[in-house]
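Down below is the structure, laid out as structure tokens.
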Amino acid sequence: MSKLRVLSGMQPSGQLTLGNYIGALKNYVKLQHTHDCYFMVVDLHAITVPQDPAALREQSESVAAVYLAAGIDPNTATVFLQSSVKAHAELGWLLTTLTYMGELERMTQFKDKSEGKESVGAGLFTYPSLMAGDILLYNADLVPVGEDQRQHLELTRDLAHRFNTRFSETFKIPQGYIPEVGARIMSLDDASKKMSKSSPNAGSYIALLDAPDVIRKKISRAVTDSGREVKYDPQNKPEVSNLISIYTQCTDLSIAEVEAKYEGQGYGPFKKDLAEAVVGLLEPIQQRYREIRESGELHDILRSGRDRAEAAAEATIREVKQKMGFVQL
Ligand code: TYM
């Protein structure tokens, strides 16, 4: 039996955070052993908000290198840049024509990102159609993502179904692969907001490439509450619950084990150990990251990923264009 196919991606719109790792990257690494995986750097999505060209180039390479440093083997999984495979923009456009304005207007990410802005690019609005194209281009079965992508995935499923109904059975209906704990890691300074790489306050997130002392400082300053009980209770103790989630995802401990370990001790020892757990997780990744950047192999890896991705995308785009009525020359 052939392996199920997996596709996912991250925007190079800043440094990847612990939220990106726990919500998605950790699962990329896990799934590569059992699935046919495609992992991309979604640079076309990043430009839906203004990006400095030099920074975009650097961040794109950095995200690809972090994938590898976190444990993705480019000989097992296909790692590539979205912009290097033209079919993404092409299928994105074709699906945009099938997407309703009302569907895009309901997207909470669009509402959040456009709120209060005077000029909002049209690309930010049609962003979910491009994402649907990413997934359907490879006929992915599974899409490992965090909770914030659920609505985009629902739209992808609707678009696949709509295309199939109108033009005959073509696309698989993809499923999300969303972790039970850690699908929404919150900001360190405000537990009502998700941890985000594009936050202007660097103290609100832990970047995967933050130096150990920076990580320790950020965790020691993380907001808690006026109590002293290390207890998982997202309703009443959102800050502490978020830190417990991070703890369980960086170690093998369960929520109950973390609670028991710090019973009656207050937040001090808990935060100290949490910082060491995060440092212990990230230090080896950072070491490999430096080696990968210094090795000069990244472009070769991305070229070979592009070639494999192009080959897989080609058949889909042909079929789609044929069915939609484009003249095939
Ligand atoms: P992006 O770049 O915002 O985030 C990358 C991945 O990290 C997850 N994530 C989180 N998980 C838990 N807690 C958090 N605080 C947190 N922040 C981010 C996201 O859910 C995501 O899985 N639209 C996508 C990129 C994309 C894509 C795709 C994903 C474009 N095409 C095709 C899957 C398939 C995005 O902006 O992710």
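Using the three backbone atoms N, Cα and C, a Cβ is placed for every residue, glycine included.
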Request  = Taking TrEMBL at its word that Gln11, Pro12, Ser13, Gly19, Asn20, Gly146, Glu147, Asp148, Lys194, Met195, Ser196, Lys197, Ser198 bind ATP, choose the one of Ile185, Ile206 listed for that site.
outcome  = Ile185
Local Cβ density at Ile185 (ATP binding site) - other Cβ atoms counted within 10 Å = 26
Same-chain residues at least 6 beyond the ends of the motif ''KMSKS' region' (194-198) whose Cβ lies under 8 Å from its Cβ atoms = 11, 13-20, 49, 148, 184-188, 204-207
Ask   = Mind checking how the motif ''HIGH' region' (12-20) divides into helix, strand and coil residues in DSSP?
value = 3 helix, 1 strand, 5 coil
Message = Can you go through the binding-site residues Gln11, Asn20, Met195, Lys197 and pick out those with a C-beta less than 6 angstroms from ligand 1?
response = Gln11, Asn20, Met195
Task = May I ask you to report the DSSP-based helix, strand or coil state of Met195 (ATP binding site)?
result = coil
